[in-house]
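In what follows, a structure is listed as structure tokens, so that the remarks can point back to it.
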Amino acid sequence: MMEASDSWTPTFVVGQHESDRKLPVSLDTVQRAHDCNYDVVTTPITTSEFHSNVLTLIGSHLCSLERPVQDACGTLATSQNTKPLTIPSLSLSDSHLSPNGSLGNVIAITSKWIDLCSPDPLIADVSRQILMHEVAYAAFCGVSYVIIQGPRLHHGSLRGEGLMYYARTIQEVLNVAPYIQVHIWFQMTDNPSAETTDIGNLAPFARAEYLHQQDPTVSTDPDQFGTWDAWDAVRRVCKHHSRLFVALTLPKYLPSAPVQSRWLSEPVHILTIDGNVFVKNQKGYPVLSRVHQGLISRFMRLKVQPWIILCDVGPIPDPFQQSDESPTPAEAVQRLGPNFSKKSYDPTPHLSYIRNLQTKQPPRTPMERFGVGYQDFLQAPLQPLTVNLESVTYEVFEKDPIKYEWYERAIAKALKDWIAKKKTTSSPDGRVVVAVVGAGRGPLVTRAIRASVEAGVDIEMWAVEKNQNAFVHLQRQNKTIWAGSVNLCQSDMRSWKGPHRVALRGPDGQDASTLHYPVDIFVSELLGSFGDNELSPECLDGVTHLLNPDHGISIPASYSAHLTPISSPRLHADVTAQSASNPAAPETPYVVMLHAFDFLSTVQPASGTASPKSSNGQNSLPSNKITKTPTPPPTFETPTPIVHTAWSFSHPNSNIPPPSRSSSVLSNAHNVRQTRLTFPCRERGVCHGLGGYFETVLYDDVELSTNPVTMDTKSEGMISWFPIYFPLKTPLHVPENSEAVVTMYRQTDDRKVWYEWIVEVYELREATGNGVRKLRVAMSEFHSSIKDGCLM
């Protein structure tokens, strides 16, 4: 049993950002930041003088240009209208950056006043040149992290028209700076009214002729997935580059849960929190709302925990000298409110709050503790029939706090029912014959013996295991733990002839005959992440003829496979990377602890609005002050996925075909399956593959489940199985109010078992009358895992 307590605390890397930082970031600045408990600071790459020089150049150039006119073909992209402006490379006065040892703790910020998305090609090109100059110089200086302002999506009534210009420039940046991690700074949602234009921004310099290409059918309403959609476009153009990440701004009012879940599936390596997102609690301290705390906690449970950058929360205080910008303690108290104590003045209250938040993160779940290091790590499924497992693999499975407890309950219940129903037993001495097939290191044997004692029913115990190495361990267990009470057999279960006893013994001491008899209860743990993917049906079919024909019980009695479409950019990138050395990688089902992913098909929430609010319409706020033992943040509730059943298997199976007279190989055609499942998708997204799960009935009402919809009610805390992931070679765009249709097969050629799958996306459109017309808008390739099928 795993320990219930968990002392784990995530590491918060916290940085300080000033939108209008006037003084250069020096070694002294970084040291003062560290003294205040900051980890990193940001710095602009270029100076205000450079900005002024660029504005002068653009103004002069625009004055020298004639008004753009369309040619006979109706285009503005003509030789007459194309007169580029060259921005000279940086000079000494254009940047305060220089190569020094402090840059390892510095994040460089590109100019926010450029407009790479401008519909005016002159402004877009000037912006591109400026960005390239900045990034190239930052790379020269040794900067490792750069934040680039996200794309400007609105120019008048134009929406997202220049996004491809932006994406291409980012691709160029990644090529020019091969050692820099590039972070694109995005808002969580797209709201046109929130896109402001500061003085000196290049966006207003776009000439009117390029702003008149308007589409009156394009909505300018806020789009909650608009910025994510822009990010996805940039990421695709850059081919899921391994050095391209998101810097995400947390707004004062968080968007709906589906939007939050979507960003949690993306490579968000930086979270930025503006000072105005904080509110004052009753004691005058700046705090975050409960929903903000919950979202941050969720991000901090990811495998790669994002850095937190506090924006415009005040300058870095100097412990020895009061700067003109820094408030005096008295001024600070006045700003923080009448309830704030002067004696407890904190020059960095926002930072102190974040550090305090770090200490009150909720403990990890059993699955999270068990899966440390396995998050989003692709593992090929086991080949249990052809590969002998190592002891450490068995040991990992045996750590499950729930699985074997549930098995013991199922066995005990079956034994009690056996006696209560007065079933006849198969053992010559009247005991119930229990056989664990695929016994491994023996955990189910131990549980069966315990169940026998609990139920008060004597059993004849058999353990069958093909792994000769594990069999040695079983022999040792039988000698030291089970007191020789277990009958051991080293054999593939499908070749086992069943329980037996010597009936007669000849005069010379040799066996005269052997009496074989049935098994009353078979117990097995052959299930894989998809239920049947490790050939449980084929294995149990091979021993069904040994089961008591009248009352025989199989534990598990049945199991079913379940599917849902998911978005997981990280898994797609990892599979793509493996394809270079393994062409079959995109058609291989993987066992993986899904972590940074999003469900594409979810249940419609009762109220599909944004984050929880109090009666006054504000995000719910914590009333606690900063203490050493504050109230933990709320648990973030993810949208409930729609998970459909693909197929099921039951044991004992009465439909096993008889052996063929023309072949010595038994047919496995009865274990072929096929299904076609439809998943409604309310929000747009990208399908990278399918998440697979299983449910099993061990006996009666004792069940296990990895299905995210039912796992908490059937077997909460179980850790033995991670989900299975069926990848798609090429991601599919899923529009809002559409359907993803999955067609899947379980195939066999009597030598191995494999899966085939294809995904289609249908857009739903209104038809004449009251009907709905489905229009196929995307379809994946047909995938087959036959090359890496599970050998029988």
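Positions of Cβ are set from backbone N, Cα and C atoms, glycine also.
Owing to the predicted nature of the structure, the values given are computational and were not obtained by experimental measurement.
Noted in TrEMBL for the protein shown:
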- 37-359: domain 'PRMT5 TIM barrel' (DOMAIN)
- Tyr394, Lys403, Tyr404, Glu465, Asp492, Met493: S-adenosyl-L-methionine binding site (BINDING)
- Glu525: active site, proton donor/acceptor (ACT_SITE)
- Glu534: active site, proton donor/acceptor (ACT_SITE)
- 605-667: region 'Disordered' (REGION)
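Close to Glu525 (active site, proton donor/acceptor) in the fold, though at least 6 residues off in sequence, lie Phe397, Lys403, Tyr407, Gly438, Gly440, Leu444, each with a CB less than 8 Å from its CB.
Fewest Cβ neighbours within 10 Å among the recorded positions Glu465, Asp492, Glu534: that distinction goes to Asp492. Taking the C-alpha positions, the distance from Tyr404 (S-adenosyl-L-methionine binding site) to Glu534 (active site, proton donor/acceptor) comes to 19 Å.
Glu534 (active site, proton donor/acceptor) and Tyr394 (S-adenosyl-L-methionine binding site) are 15 Å apart (CA-CA, integer value). With respect to their backbone Cα atoms, Asp492 (S-adenosyl-L-methionine binding site) and Glu534 (active site, proton donor/acceptor) stand 15 Å from each other.
In the three-state DSSP scheme, Glu465 (S-adenosyl-L-methionine binding site) falls into the strand class.
Glu534 (active site, proton donor/acceptor) sits 16 Å from Glu465 (S-adenosyl-L-methionine binding site), taking the C-alpha atoms as the reference points. Cβ crowding, taken as the number of other Cβ atoms within 10 Å, peaks at Tyr404 among the binding-site residues Tyr394, Tyr404.
Its Cβ placed at the centre, Lys403 (S-adenosyl-L-methionine binding site) has 24 other Cβ atoms within 10 Å.
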